[in-house]
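Student: Residues or ranges marked as region 'Disordered' by TrEMBL: 1-21, 219-264. Here TrEMBL flags 54-197 as domain 'Peptidoglycan recognition protein family'. Here TrEMBL flags 64-203 as domain 'N-acetylmuramoyl-L-alanine amidase'. The compositional bias 'Polar residues' annotation in TrEMBL covers 219-229. Taken from TrEMBL, the feature compositional bias 'Pro residues' applies to 239-256.
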Amino acid sequence: MGDKASGSVTQHQPPPPPLTDSYEQFWQQQQLATSCGYSQHMQQANLGDGVATARLISRSDWGARLPKSVEHFQGPAPYVIIHHSYMPPVCYTTVDCMKSMRDMQDFHQLERGWNDIGYSFGIGGDGMIYTGRGFNVIGAHAPKYNDRSVGIVLIGDWRTELPPKQMLDAAKNLIAFGVFKGYIDPAYKLLGHKQVRDTECPGGRLFAEISTWPHFTYLNTTEGTSTPTPVEPHAHAQPAPPPAAPQAPPQVPAQSPPAAVHKV
């Protein structure tokens, strides 16, 4: 792994996807900008009624360093994989969420030696969407799926608590936009990280939530098998089972001496 808001929608038009023209502008800039393949702009996302409901934060805005390299894959992604960060914990202000993105990039890039932050996008408790590697860029978040998936991390520990509504809505909106613009296959399969490797991620409560979303898929044994890989920052090591108590040797019942044999 060396790693323009849309106008009002009439009754005769289908509703627009949650993320529309301003996101399209962002991705045009992404495709045209800099040799490293990333945009250096922040864009506002609007719904069809013109009300701003989400914001896409660019890499430069959260303070990302340049990736070591960028590798792309072709075609729409057939999988969307949901993660939680576990650490860093949930952030509720944009300043804190920007720091969380930097912390994850530092861990992945400096300590793990990966090309960049592992995820395609991050979602903060502020309801903002943070650009990681972006669409159609090979990630470092799910073994065997990195070159055919969009990896979305919801910042925080979601083992027992449900992420706030603004986080869940931002994730759904991002997926809908990806489908609308052809970055994600319309027949995509939605997975939790734990389905493709041995980990608690994305946490039990978040996993239960996404299992109710459209396109959630239970993999069969031929689709997804776990592969041993270096532990990722949100992967929880499983405690070793306690050693078995030594077993006492089986007790052999005492036998009475044989009866005396009398000769006749």
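Just so it is clear, glycine is given a Cβ too, placed from its N, Cα and C backbone atoms.
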Student: Provide the three-state DSSP residue tally for the domain 'N-acetylmuramoyl-L-alanine amidase' (64-203): helix first, then strand, then coil.
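Tutor: Once the DSSP states are binned, the domain 'N-acetylmuramoyl-L-alanine amidase' (64-203) shows 37 helix, 31 strand, 72 coil.
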Student: In this predicted model, what is the average pLDDT of the domain 'N-acetylmuramoyl-L-alanine amidase' (64-203)?
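Tutor: Result for the domain 'N-acetylmuramoyl-L-alanine amidase' (64-203): average pLDDT 97.
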